[in-house]
Ligand code: BJW
């Protein structure tokens with residue numbers, strides 16, 4: 001981390017000029033907890049693009065396929081543990097008022113890891129819903145269930161836990177790919193090694209009767225309570241975010257592990273800038289820091305956030321250790 005930049009960031013967050021802080025989080029915040037991101041190399045599940053599966057059309061055409069994807073995601077999120085980035089924000093949510101600050105986290109993540117790091121729920125808005133909410137798809141049924149951590153949801157969804165038949169083979173393939181990349185840099189042709197080729201666990205054809213069904217209307221399929229492309233974000237959540245931004249000037253937005261490519265979430269950065277607020281980006285990809293005229297922190301959010309927020313939250317080592325017990 002650039003120490004000069006860190007010092008000026010520390011100075012700003014501890015002054016009276018910085019009274020209101022908004023955090024906008026994306027998949028990069030959970031990357032070091034082992035959860036894949038959406039874009040770049042992390043954005044594939046088996047041979048499908050995660051983005052193509054996160055649509056109402058995909059669910060309408062093949063709910064069995066989409067449920068297998070979400071069953072896998074639910075399982076991975078249950079297995080994952082919050083990282084120090086989640087804990088740093090959680091700690092800020094608890095101490096902000098005592099430091100004379102107002103704080104709100106807007107997360108695009110649906111993995112529930114911020115909640116599991118005990119982020120104050122009053123200061124946390126899940127813009128894109130949650131993997132652990134289930135909703136009925138029937139037009140005239142309003143059934144919604146929160147905090148459903150059952151796995152698998154139906155016997156037919158058993159077996160979606162691993163993307164690969166043998167995860168060790170995937171590791172070997174990655175090693176081979178890296179070797180091949182080096183060969184390319186030396187000007188030689190890349191040789192695609194087939195030794196240890198990984199095999200995906202096959203996608204099953206699951207009939208409608210094998211998918212989660214609404215316990216209320218008994219006929220509608222349940223779906224994950226996440227926001228897919230073309231769907232509106234929950235109005236209540238949008239309203240609460242608006243209230244926070246409009247009731248006072250936001251002095252700082254922390255943009256954490258997001259490509260800022262999805263709207264309306266990405267729009268919050270400009271809204272804060274237009275109010276005269278400052279921006280601090282935490283990202284592993286230099287390209288995603290480009291164009292930022294604020295603080296640019298290049299690296300893993302899980303490592304950077306505890307350091308960047310230390311003057312406000314103190315050393316979080318003990319908080320994290322206590323939570324593990
Ligand atoms: C690290 C790291 C480490 C990695 N440390 N960093 C205006 C203009 C143009 C288009 C639109 C517009 N307004 C709306 C749209 C359409 C659309 C949209 O945005 N399209 C874009 C593709 C252009 N938006 C919508 O459809 C939204 N709905 C809407 O606007 O409705 C209007 C409406 C109103 C009334 C009635 C009806 C409709 C809905 C968007 C929903 C997005 N849903 C998803 C799936 C959620 C469910 C699921 O999880 O499966 O949300 S898509 C996916 O993208 C997911 C994410 O939350 C979201 C954002 O991705 P994120 O988090 O930024 O991840 P990545 O992978 O992109 O980036 C990771 C970053 O982390 C990278 O920068 C890495 O470098 C970095 N990184 N490791 C730090 N260790």
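Placed from the backbone N, Cα and C atoms, the Cβ positions cover glycine too.
Keep in mind that TrEMBL annotations are predicted by a computer and have not been checked by a curator.
Check TrEMBL against the ranges 168-205, 206-243, 244-281, 282-319 and you find region 'Disordered' recorded for 168-205. Closeness to ligand 1 is met by 284, these being the binding-site residues among 30, 34, 214, 284 whose Cβ falls under 6 Å from the molecule. Neighbouring residues of the recorded Zn(2+) site, listed in sequence order and excluding 136, 141, 214, 217, comprise 137, 138, 142, 143, 216, 218, 219, 220, 222 (Cβ within 8 Å of the Cβ centroid). A simple way to gauge crowding: the CB of residue 108 (NAD(+) binding site) has 22 other CB atoms within 10 angstroms, across all the protein chains here.
Model confidence over the domain 'Deacetylase sirtuin-type' (1-315) stands at 91, taken as the mean pLDDT rounded to a whole number.
Under the three-state DSSP scheme, residue 136 (Zn(2+) binding site) falls in the strand class.
Here the candidates are the recorded positions 70, 128, 214, 217, and by Cα distance the one nearest residue 257 (NAD(+) binding site) turns out to be 128. The subset of recorded positions (26, 34, 128, 217) lying with their Cα within 10 Å of the Cα of residue 70 (substrate binding site) is empty, i.e. none.
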